[in-house]
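K.L.:
Provided herewith is a single structure, encoded as structure tokens, for subsequent inquiry.
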Amino acid sequence: MDDVNGVELTVFLIFFAAVTVMGFLAARWRRGQTIMHLDEWGLGGRRFGTFTTWFLLGGDLYTAYTFIAVPAAVFASGAMGFWALPYAAIAYPIVFLIGPRLWSVSHVHGYVTTADFVRGRFGSRTLGLAVAVTGILAMMPYIALQLVGIQAVLTVMGVKGSGLARDLPLLIAFALLAAYTFTSGLRAPALIAFVKDTLIYLVIIVAVIYIPTKLGGWGHIFDSAQSSLAKPNPATGRPSGALVTGDMTHWAYGTLALGSALALFIYPHTVTGALASGRRDVIKRNAALLPAYSLLLGLLALLGYMALARPDVAAAVRAAKNPQLAVPTLFDHVFPGWFAGVAFAAIGVGALVPAAIMSIAASNLFTRNVYTAFFRPGATAAEETRVSQFVSLLVKIGALVFVLAFDKTLSINLQLLGGIWIVQTFPSLGLGLYTRWFHRWALLAGWAVAMVYGTVTAYEQHSPTQKHFAQSTADIPFLGHPGYIALTAFVINMIVVMVLTVIFRAAGVPDGTDETRPGDYTADADEPGVTDLPELVTD
Amino acid sequence: MSDPRSTSPAVRVVVAVLLIAPFVVYLAVPSYARVEPRLAGFPFFYWWQLLWVILTAVFIGVAYRLSRRARPARPADEEDD
């Protein structure tokens, strides 16, 4: 592993080059009147059907997180790392409930972002700003996770060194990403998502059929993984995990799944993907179809056990002290060089697509809900697009800061940190789609309290190897079991919101005006008032 | 669920149950935290959760059909891709 693997790297680079060319050509694909309009650049013209939306949302949801971070968690801690599967299942009833309503109200009122909706629903630019800032903040560690994924693949292919030489390939990859996102907007990731998913399906199917036969079957994989997990970890002196969750981890398992499920569909990038669909029903249908990806996620998670079942792979990963390398090292040892190259390309492209969508979503938030709302109310559509393009670059730089500043031994914590923040917008956004009972200032107060609680609690988590942000679970107050901080903060958030709403209403504190009507939440395309591209007309 | 104006209460209850069931199953973590019985080498913990991914998809699909049928007929969806 010390030398660069020529075959792997060549195959990887060919795929990467092909994808980059596609990214630049995407600007021409199904193009509207002009790309210099935020709807065109940032929502792909809002015209995608079930098929494209399925790929686009799948591209959002299944990322380097799936291929690198989840198997790494299973490799490092056993059953505890498998919480990503229940998360990826129970997220979809939530998508089914809130997605179509958000689609309808956005298409009636021309909302491009979640913060647009919150501002319109609660008549508060400030609440919209809070949602926008949270979204931008939460995207950065999630994009950082994608960078970690690419870095893991490059490391196993032998592209490593010290200082600048180590980070250079990563910087080149992201410069390319930035360039084609800049020119093609959302069309680039939507088009590349086809390639990415084809590659990923191919690799997963080969991996879950071929590797178990090489390793003596699933039964043997689970048994070897169990004995490997039972061995005391040299750092802590305790077993690193078990095949099933224990008494002290049930709560953590459930709360991580539920907290992440609440987060999934209010992340700016998933909303961007959903709003780009052509009809309301497209989202409902996708809620039933997307669990196909979850099944793959579950099987991919088990690659962590396959890595444990191969003593040479497990030893190499442990020697490198980096569980992120579990899957790439497994592929490197088990697959022929050319196929390992294909698999690494799948992971690399699988990190680039969501990173592009995420940075577009974050920059839409900034342009619409910070720049236009507070600084340039009269900005033209072309100016909005220009600002978004530049902000998408800044967001990627922010993500780099997270990569450099945070411990990468368990990169899943990067995504969980984003979750702690984004879940605090669920009362205004997810619940706001169903009820207008909450007072706008109560929502703002609940959000502020929960953001502070969540950030401080996460900051205080330490481990033998790390002083801060070591994990995303902490003891749940009054319960004595560790649980996901996002969910504890969410409960605090809701209590504050409800108590203050009652107080503010009783005291007659002025509430904002709701610009939406009940019918707006169920409107579908081809109904009066629903427009495909509300702003193009005035362009 | 999608349109309260045209969905009967019975259908809404069924849709609610279909959508809540996956939460109940998955959040009852101790109920499936065991190794036996195994299926094709998979401990119960794993095959049970994988099985429920498929069931969750089926439940949402049924919920979608039910909430659609309850709505006034509209022309078949035109897919644009």
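Using the three backbone atoms N, Cα and C, a Cβ is placed for every residue, glycine included.
Pasting the relevant annotations from TrEMBL:
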TRANSMEM  A:6-27  transmembrane segment
TRANSMEM  A:48-68  transmembrane segment
TRANSMEM  A:74-98  transmembrane segment
TRANSMEM  A:127-148  transmembrane segment
TRANSMEM  A:168-186  transmembrane segment
TRANSMEM  A:198-221  transmembrane segment
TRANSMEM  A:250-267  transmembrane segment
TRANSMEM  A:288-308  transmembrane segment
TRANSMEM  A:338-366  transmembrane segment
TRANSMEM  A:387-406  transmembrane segment
TRANSMEM  A:441-459  transmembrane segment
TRANSMEM  A:484-507  transmembrane segment
REGION    A:513-539  region 'Disordered'
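Help me understand the surroundings of these features in the structure.
P.N.:
For the transmembrane segment (A:6-27), the list of distant contacts is 35, 153, 157-159, 173, 176-177, 179-181, 183-185, 187-188, 190-192, 195-196, 199, 332, 337-338, 340-342, 344-345, 348-349, 352: same-chain residues at least six beyond its ends, Cβ to Cβ under 8 Å.
Beyond its flanks by at least six residues, the transmembrane segment (A:74-98) meets 61, 66, 225-226, 229, 240-245, 249, 252-254, 256-258, 260-262, 264-266, 274, 283-284, 286-288, 290-291, 293-294, 297-298, 301-305, 307-308, 317, 323, 326, 410, 412, 429-430, 433 of its own chain at Cβ-Cβ distances under 8 Å.
Listed by sequence, the residues of this chain that lie at least six past the ends of the transmembrane segment (A:127-148) yet keep a Cβ under 8 A from its Cβ atoms are 63-65, 68-69, 113-116, 118-119, 170, 174, 267-269, 324, 351-352, 354-355, 358-359, 361-362, 365-366, 368-370, 373-374, 395-396, 398-403, 406, 408, 411-412, 414-415, 417-419, 421-422, 424-425, 428-429, 440, 443-444, 447-448, 451.
Nonlocal intrachain contacts for the transmembrane segment (A:198-221), taken as residues 6+ away from its ends with a CB within less than 8 angstroms of a stretch CB, comprise 15, 62, 67, 296, 299-300, 302-303, 305-306, 309-310, 330-331, 334-335, 339, 342-343, 345-346, 349-350.
Long-range contacts of the transmembrane segment (A:288-308) within the same chain, counting only residues at least 6 positions beyond its ends with a Cβ under 8 Å from a Cβ of the stretch, are 50, 54, 57-58, 61-62, 66-67, 70-76, 81-82, 84-85, 88-89, 92, 95-96, 200-201, 204, 207-208, 211-212, 215, 221-222, 224-225, 228-229, 314, 317, 326-327, 329-330.
Away from its own ends, the transmembrane segment (A:387-406) comes close to residues 38, 41-42, 136, 139-141, 143-144, 146-148, 151, 174, 177-178, 181-182, 355, 358-360, 362-364, 366-367, 371, 379, 413-414, 469 of its chain (Cβ-Cβ under 8 Å, at least six residues beyond either end).
Tertiary proximity for the transmembrane segment (A:441-459) is limited to same-chain residues at least six positions away from its ends with a CB under 8 Å from its CB atoms, namely 122, 124, 126-127, 130, 134, 417, 420-421, 424-425, 427-428, 432, 468-469, 472, 474, 485-486, 488-490, 492-501, 503-504, 509.
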